[in-house]
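The structure under discussion appears below in the form of structure tokens.
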Amino acid sequence: MLTTDPYDDDKLREECGVFGIWGADTAAAVVALGLHALQHRGQEAAGITSYDRNWFHSHRAVGHVAGNFDEDHIIRQLPGDAACGHVRYSTTGESGLRNVQPLYAELSSGGFAVAHNGNISNARTLRQELVQHGSIFQSTSDTETIIHLVATSSFKTLLDSFIDALKQLEGAYSLVCITPEGMIGCRDPLGIRPLVMGKLGDAVIFASESVAFDVVGAEFIREVEPGELIVVNDKGIRSLHPFAKIAPRPCIFEHVYFSRPDSIVDGQSVYSVRKQIGAELAIENPVEADLVIPVPDSGTPAAIGYAQQSGIPFELGIIRSHYVGRTFIQPGDKVRHLGVKLKHNANQALIEGKRVILVDDSIVRGTTSTKIVEMMRDAGATEVHMRIASPPTRNSCFYGVDTPKREKLLAAQYDVTGMQDYIKADSLAFISIDGLYRALGETGRSNDHPQRCDACFTGDYPTTLTDQDGLANVTQFPLLAERVT
Ligand code: AMP
């Protein structure tokens with residue numbers, strides 16, 4: 001019923017995708033298609049809010065886009081030529097409908113719908129202050145903080161109030177909002193999470209990844225710049241830069257795992273970058289073997305790169321069932337364990353008697369690697385070498401990629417030798433941080449001015465972490481929240 005701290009959850013961070021369109025007939029139908037293409041960014045819930053120039057209409061549901069946004073819902077219940085939508089992965093106990101986005105509120109300026117990808121790292125602190133001043137929160141989502149800040153801003157216009165709100169935020173946010181004054185797309189000053197702008201006829205679109213444009217037949221225009229706020233309405237497109245300019249730090253993990261390989265992120269093809277990561281990995285960590293085997297699907301491009309660089313044949317030694325979601329994107333350890341077994345099966349006829357190199361994008365808790373190494377041995381592999389297309393993940397992400405608490409990360413518990421013993425591989429090696437940057441076209445990581453947010457690997461967080469820093473002082477969060485399941 002009642003819990004103590006709405007933000008105190010092992011898996012508090014959200015992984016999300018956003019999509020918005022202004023100026024298209026049956027806008028909600030286009031949003032549904034766009035969200036479909038972004039489904040990999042969050043599979044627990046989806047929502048669409050449309051605007052018909054008089055009223056806002058919303059449908060939010062737990063589950064996949066496909067199951068919840070059929071023609072009937074979209075066309076009949078979500079009319080209008082403007083709409084925004086959201087796919088989300090959320091946390092145990094907090095996956096209830098009230099947290100499903102877009103969030104919507106009636107402000108003095110009219111309706112306001114917001115879809116957010118990222119995580120506000122001072123949301124708890126802001127919320128505490130807002131509640132003390134009388135705000136009544138309806139969800140436990142950090143995104144709601146933004147709405148309250150806009151609502152309580154002393155600025156007169158919606159846009160000024162919105163900018164005022166953004167200036168109080170710390171952390172990562174790529175936002176798409178629908179308001180009577182237009183659609184707003186914006187990215188935090190560091191540009192941690194991606195956001196791109198496209199065109200479908202005369203309509204303008206914002207989406208988390210360019211793959212969503214391909215799917216709806218839209219044209220990619222450009223990225224929304226870090227710290228940029230774009231207002232789209234019937235008068236046209238207006239770009240604002242309300243923040244002091246700082247060096248951007250887009251998330252490196254989007255390239256490692258999160259984005260779809262057919263997306264262009266930070267101006268680079270995710271697929272090409274991943275292949276290049278595999279090539280660098282092969283240069284840095286060669287090993288004699290008979291086969292290079294990807295852990296599907298996320299390890300596949302890096303495995304191709306590894307195989308091409310090393311000259312060792314690439315083979316599909318693990319077959320993945322496509323009817324199970326991403327391992328990680330399921331709450332609860334029990335389900336996650338079960339998920340791994342359901343998801344992958346060894347191609348025994350190929351593996352038997354072979355020395356194999358397994359390539360995966362990352363090790364988080366170590367569940368997948370442990371299972372897959374064992375699976376290879378059961379299938380008769382004589383040697384199992386694991387190669388990981390990212391450095392050890394030693395730190396939690398507070399910017400919108402779901403990672404468990406630090407103590408659950410395998411790399412926070414063991415060094416590489418300890419991890420190798422844990423997963424029972426004959427060898428284990430990770431790409432170096434400089435190797436990863438090289439794959440992205442840099443000469444290496446600039447330690448003075450890191451080009452990316454790589455805090456999950458380095459612990460170098462590009463913002464202060466107000467909520468985390470304040471945690472030691474909080475014995476019990478004063479806000480009680482009803483837990484909706
Ligand atoms: P684990 O089994 O806990 O070590 O998780 C590693 C697997 O989860 C890898 O195969 C990755 O492809 C995948 N993965 C890594 N990071 C994430 C994430 N943030 N969300 C979902 N899956 C992830």
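Including glycine, each Cβ sits where the backbone N, Cα and C put it.
Taken from TrEMBL, the feature active site, nucleophile covers CYS16. DSSP assigns CYS16 (active site, nucleophile) to a strand.
The [4Fe-4S] cluster binding site annotation in TrEMBL covers CYS251, CYS397, CYS453, CYS456. Non-local contacts of CYS456 ([4Fe-4S] cluster binding site) by the CB criterion (under 8 A, 6+ apart in sequence, same chain) comprise PHE253, THR393, ARG394, ASN395, SER396, CYS397, VAL401, THR403.
Annotation for ASP360 (Mg(2+) binding site): same-chain Cβ neighbours under 8 Å, separated by at least 6 residues, are PRO294, VAL295, SER298, GLY299, THR368, SER369, ILE372, MET386, ARG387, ILE388, ALA389. According to DSSP, ASP360 (Mg(2+) binding site) sits within a strand segment. The Mg(2+) binding site annotation in TrEMBL covers SER298, ASP360, ASP361.
The domain 'Glutamine amidotransferase type-2' annotation in TrEMBL covers 16-235.
The DSSP secondary structure for CYS456 ([4Fe-4S] cluster binding site) is helix. Checked against ligand 1, the binding-site residues CYS251, SER298, ASP360, ASP361, CYS456 give SER298, ASP360, ASP361 in sequence order as having a Cβ less than 6 Å away from one of its atoms. Taking all protein chains in view, 24 other C-beta atoms sit within 10 angstroms of the C-beta of ASP361 (Mg(2+) binding site). There are 24 other Cβ atoms within 10 Å of the Cβ belonging to SER298 (Mg(2+) binding site). For the pair formed by ASP361 (Mg(2+) binding site) and CYS251 ([4Fe-4S] cluster binding site), distance between Cα atoms is given as 15 Å, rounded to the nearest Å. All protein chains shown were included, and the count of other CB atoms within 10 Å of the CB of CYS453 ([4Fe-4S] cluster binding site) stands at 27.
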